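Database features (TrEMBL):
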- Ser125: active site, phosphoserine intermediate (ACT_SITE)
- Asp75, His186, Ser188, Glu343: Mg(2+) binding site (BINDING)
- Asp75, His424: Zn(2+) binding site (BINDING)
- 1-33: signal peptide (SIGNAL)
Amino acid sequence: AAIREGRGLGSMGQLLPLQICFLLLFLAPLTAAATSDAEKTPQYWNEGARRRLAAALALQPTAQRAKNVILFVGDGMGLPTVSAARIYKGQLAGSSGEESVLAMETFPHVALAKTYTIDRQVPDSAGTGTAYLCGVKANAKTLGLSGAAVYGKCRTALGNEVDSILHRARLAGKSVGIVTTTRVQHASPAAAYAHSASRSWYSDANMPRETLQDGCKDIAHQLVYNTDINVILGGGRTYMSPRWTPDPEYPEDPAQNGTRRDGRDLVAEWLSTREGARYVWDKKGLDAVDDTSVSHLMGLFEPKDMRYELNRNATTDPSIVEMTEKAIRILRRNPNGFFLFVEDECRVLGWDVGPGSQGVMVPFPVLGLAPKKAKDKRAYTSILYGNGPGYSLRDGGRPAASLPAVEDKDYRQQAAVPLDLETHSGEDVVVLAQGPMAHLFHGVQEQHYVAHAIAYAACLKPYDARPRCGAPRRASGSTQHSPRSPIVLLALCMSAFMLVG
């Protein structure tokens with residue numbers, strides 16, 4: 001899953017969730033499908049190779065400073081998932097799919113990132129988020145801390161904090177933002193601002209009493225007080241409100257109430273300390289925000305994680321695209337530039353991904369049945385999971401997969417090992433890059449290298465004194481605005497993608 005999680009995919013590797021709904025919204029135009037006769041001739045392949053050689057020979061590194069940075073992370077997007085996305089996109093357009101091209105696959109610079117944490121071969125989102133955002137390898141389940149911190153031990157966090165590139169961008173005078181379809185206190189976005197010995201300390205209600213006595217703060221508290229974040233969009237309302245406070249969207253459901261034991265209203269505290277700040281909790285409120293005057297925006301659209309794209313209520317819940325667009329419109333007004341972290345966690349590759357898709361079924365669809373039956377004489381899907389809730393035995397054997405059940409958006413691909421949730425995998429993940437300093441992404445790298453390459457490209461500490469960086473800037477109390485200017489984006493993709501410009 002992006003730089004942070006190398007989850008695998010069925011028969012193409014150890015499986016992970018095919019979470020690429022966001023990616024499908026950023027697809028490059030489909031190239032014309034070659035006829036079967038043309039593909040049988042050497043000329044067809046030779047001409048294609050010559051075009052690629054010409055493009056490669058013309059490629060020159062862009063060495064100027066990157067003013068704006070947008071880091072996209074697709075949860076679950078290991079290389080097998082990217083391959084499935086490419087095929088699926090083409091099949092939605094009515095072709096066989098393999099010849100299709102994703103937008104991020106047009107980026108000229110590519111690297112592989114190794115995803116392990118210090119203490120685990122197979123990582124989790126907290127350890128990986130700390131690596132690619134803070135620039136150090138760390139222990140699993142810890143956030144914004146070096147490897148000297150021990151999971152679950154509050155006191156080991158003290159003195160072992162490491163700062164993220166988001167935090168450093170704010171200190172450099174840039175505007176900064178977080179957009180996610182998970183809760184904003186979840187491991188990946190939290191690595192951008194929190195220092196916590198446990199990724200699960202969402203609010204004080206999730207923390208052991210002795211941990212609070214030792215002086216550690218919950219992640220929601222740190223969201224408000226650690227870094228002056230201009231835009232915060234995602235889920236996570238329940239961790240910001242006092243215990244038993246009714247949720248604005250589900251007032252009749254006590255399970256959605258606030259959970260804080262300290263009685264604090266963190267949203268109110270956030271608003272009171274920031275001039276020009278707005279808070280919204282539904283799509284209507286987000287649409288009404290005037291991005292020409294608001295300097296700080298917090299939008300929390302669900303008590304916990306937001307709904308998957310396939311299940312989203314388009315009337316009440318904004319999409320990842322709508323949230324990202326709103327964030328950019330606010331952040332881009334800062335003449336010093338901005339840093340934006342965007343994470344999407346979708347559910348599956350679904351046949352109903354958008355109004356323009358045709359959902360055409362073709363021979364051997366990537367979400368359909370494999371062309372042959374297994375050794376047990378039963379059908380199986382082209383995509384399978386190594387472990388997860390899809391494990392099932394009936395009458396002493398594996399149930400056969402069948403149409404149309406496997407095409408349903410709620411269908412669970414079969415798994416070999418029974419678990420409540422599938423796990424990450426330990427595979428490398430791809431980083432695709434385009435724009436200023438994108439050539440720094442090459443070869444096989446450690447995951448923490450990503451943060452260093454971004455910091456170097458954007459002249460953030462500790463690389464702010466390098467040539468072409470100019471005088472360092474200090475963050476002011478409020479965002480400095482200027483007339484809207486064009487945004488030049490450099491994209492760095494980790495099985496999702498980053499844009500830096």
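Each residue, glycine too, has its Cβ placed from N, Cα and C.
Worth saying up front: this structure is predicted, and the values here are computed from it rather than measured.
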* Taking the Cα atoms as reference points, how far is Ser188 (Mg(2+) binding site) from Ser125 (active site, phosphoserine intermediate) in Å? -> 6
* Nonlocal residues around His186 (Mg(2+) binding site), in sequence order (Cβ under 8 Å, 6 or more apart) -> Ser125, Thr180, Arg199, Gly234, Gly236, Asp305
* To do: Please report the number of other Cβ atoms within 10 Å of the Cβ of Ser188 (Mg(2+) binding site).
  => 28
